[in-house]
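Each remark here refers to the structure printed beneath this line.
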Amino acid sequence: MLKPPVDAPIDVKDWIDNRPIAAYQWLILVLCFLIVLFDGFDVAVMGFIAPSLMQDWGLSRAAFGPVMSAGMVGLAIGALTAGPYADRLGRKKVLLIAVSGFSLLSLACAFARNPYELAVLRLLTGIALGAAMPNCTTLLAEYLPTRNRSLMITIMFTGFNMGSGLGGFLSAWLIPHHGWKSVLLAGGLLPLALLPLLWWLLPESARFLAARQAPASQIAAALAKLGGRFAAGTRFTVSEPTTQHKAPARQLFSERYRFGTLALWLTYFMGLLVIYLTMGWLPTLLRDGGLSIERAATITGLFQIGGAVGAIVVGWIMDRRNPNRVIAIAYALGGLCIVSLGALSLESSLLVVGVAAAGFCMSGAQTALNAFAPGYYPTEFRATGVSWMLGIGRFGAIFGSLIGGAVLSLGLGLPLLFTLLGLPAFAAALAILANGHARLRATPAVTAP
């Protein structure tokens, strides 16, 4: 069926919102899921190969520390720098460059001759990895109807956990037979094999094309893959704020977005602070409390499993209720679960339930925030908004990794330690509620010629 007359511009967002999900949108989800899966694999890979690598090179934990931290710093740099480029060059171009980058650099890591070379390569790999995830989020969000966006983006993000798990299984199989370098080679070759499919099948965002006032024929061709047929001369629009292509980063701090942007940053920072503190130091807390290493690791693993389930559930609820309140409630419940762990016996079965529930709420809220952010910003600087939130949040992860040891060395009791651990979760809940009070003014639409 042909679309409205040529004198009636078609709003790309409304057009997508008013149609059932097409097979091509599911294909975009699968492709983005695979990118995030390989992203998760590569982010976690150093932890899996560290024991073998340190033994092979005769390194102490202290000497290997810069290699581990270099990748995390790179993730923050990549997230902060990639967004503005994606808002100017396009989501697909930057995404292809990012995947090519972390694939080739992962291969290069396998041939590093010393920890200094490896640290530099992991920094560069982290930059490419940091650029990939926010662009996956933005591209997928711009092709999804609002009614399903949160759920489908959270499904995409479960690929990160699955990629981390895949890294563990592959490492357990490859390292005994082929050594630690084989894991890095696998981490480079697998996404490299995906690149031709991404180049061929992954589209540029139709909303990005409309916001940049690309020729209507390009927009029509992109929407045709979703089943659209348009009369010759049809014009396309995005009914969103327009800034006449001013620097995307500047728009984050404009009067309209400044407060909400800072609230998002605080939310993401605090959420990752809690998650990295928990994942990094909970095994040590449990071990110091008398549990075996195996049981401490198993209980901590339930945090991630609960998080994968929580991400999908929170995303599903977000599509049906006020997203700010849903995320705030999840963070607050996560904080309560973490605080309650300090009152439980380490031998109690309730401890297992409490850790899984904390992961369900905390990781569920954190992943849901990834789905929330694309809807907060307009197309013109959406990639910048999402990527800067992720980049600032990475500093929460770095801070959490750094202060954990110092806090444990204070010799505080478990109840007080878990209370301190839960406090940032309540701060995250308040911050996302504050974001809900940021009001956006209506502005004219942008029409593609």
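Every residue gets a Cβ built from N, Cα and C, even glycine.
The annotation transmembrane segment is assigned in Swiss-Prot to 26-46 (among others). Sequence-distant contacts of the transmembrane segment (26-46), counting only residues of its own chain at least 6 positions beyond either end whose CB sits under 8 Å from a CB of the stretch, comprise 67-68, 71, 75, 95, 99, 102-103, 106, 122, 125, 129, 132-133, 136, 139-140, 143, 152, 155-164, 166-168, 170-171, 183-184, 187, 190-191, 194, 197-198, 201-203.
For 62-82 (among others), the entry in Swiss-Prot reads transmembrane segment. Note on the transmembrane segment (62-82): residues 43, 46-47, 50, 53-54, 94, 98, 115, 118-120, 122-135, 383, 387-388, 390-392, 394-395, 397-398, 401 of its chain, located 6 or more positions outside it, place their CB under 8 angstroms from a CB of the stretch.
The transmembrane segment annotation in Swiss-Prot covers 92-112 (among others), and the record cites sequence analysis as its basis.
Swiss-Prot lists 123-143 (among others) with the feature transmembrane segment, giving sequence analysis as the kind of evidence.
Positions annotated as transmembrane segment by Swiss-Prot: 155-175 (among others).
Annotation source Swiss-Prot lists transmembrane segment at 183-203 (among others), citing sequence analysis.
Here Swiss-Prot flags 262-282 (among others) as transmembrane segment, drawing on sequence analysis.
Swiss-Prot lists 298-318 (among others) with the feature transmembrane segment, giving sequence analysis as the kind of evidence. The list of residues near the transmembrane segment (298-318) in space but at least 6 beyond its ends in sequence, with Cβ under 8 angstroms from a Cβ of it, reads 150-155, 157-158, 161, 164, 278-279, 282-283, 286, 291, 326-327, 330, 351-352, 355-368, 371-372.
According to Swiss-Prot, the feature transmembrane segment maps to 326-346 (among others).
The transmembrane segment annotation in Swiss-Prot covers 349-369 (among others) and is backed by sequence analysis.
Residues or ranges marked as transmembrane segment in Swiss-Prot (evidence: sequence analysis): 388-408 (among others). Outside the transmembrane segment (388-408), and at least 6 residues removed from its termini, the chain residues within Cβ reach (under 8 Å) are 69, 72-73, 75-80, 83, 130, 133-134, 249, 252, 261, 264-265, 268-277, 280-281, 284-285, 288, 369-370, 373, 417, 420.
For the transmembrane segment (414-434), the residues of the chain that approach it from at least six positions outside its boundaries are 259, 263-264, 266-268, 270-271, 273-274, 277-278, 285, 289, 324-325, 327-329, 331-332, 334-343, 362, 365, 369, 407-408, judged by C-beta separation under 8 angstroms. For 414-434 (among others), the entry in Swiss-Prot reads transmembrane segment, with the evidence type sequence analysis.
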Which one, 155-175, 183-203, 349-369, has the most C-beta pairs under 8 Å toward the transmembrane segment (262-282)? 349-369
Give residue numbers and ranges for long-range contacts of the transmembrane segment (349-369): same chain, 6 or more residues beyond its ends, CB-CB under 8 A. 150, 154, 157-158, 264, 267-268, 271-272, 274-275, 278, 282, 299-300, 302-311, 313-315, 318, 323, 326-327, 330-331, 333-334, 337-338, 340-341, 389, 425, 428, 432
Under 8 Å between C-beta atoms and at least six residues away from its ends: which parts of the chain pack against the transmembrane segment (183-203)? 27-28, 31, 34-35, 38, 41-42, 45, 48-49, 92, 95-96, 99-100, 102-110, 139, 143, 167, 170-171, 174-175, 222, 225
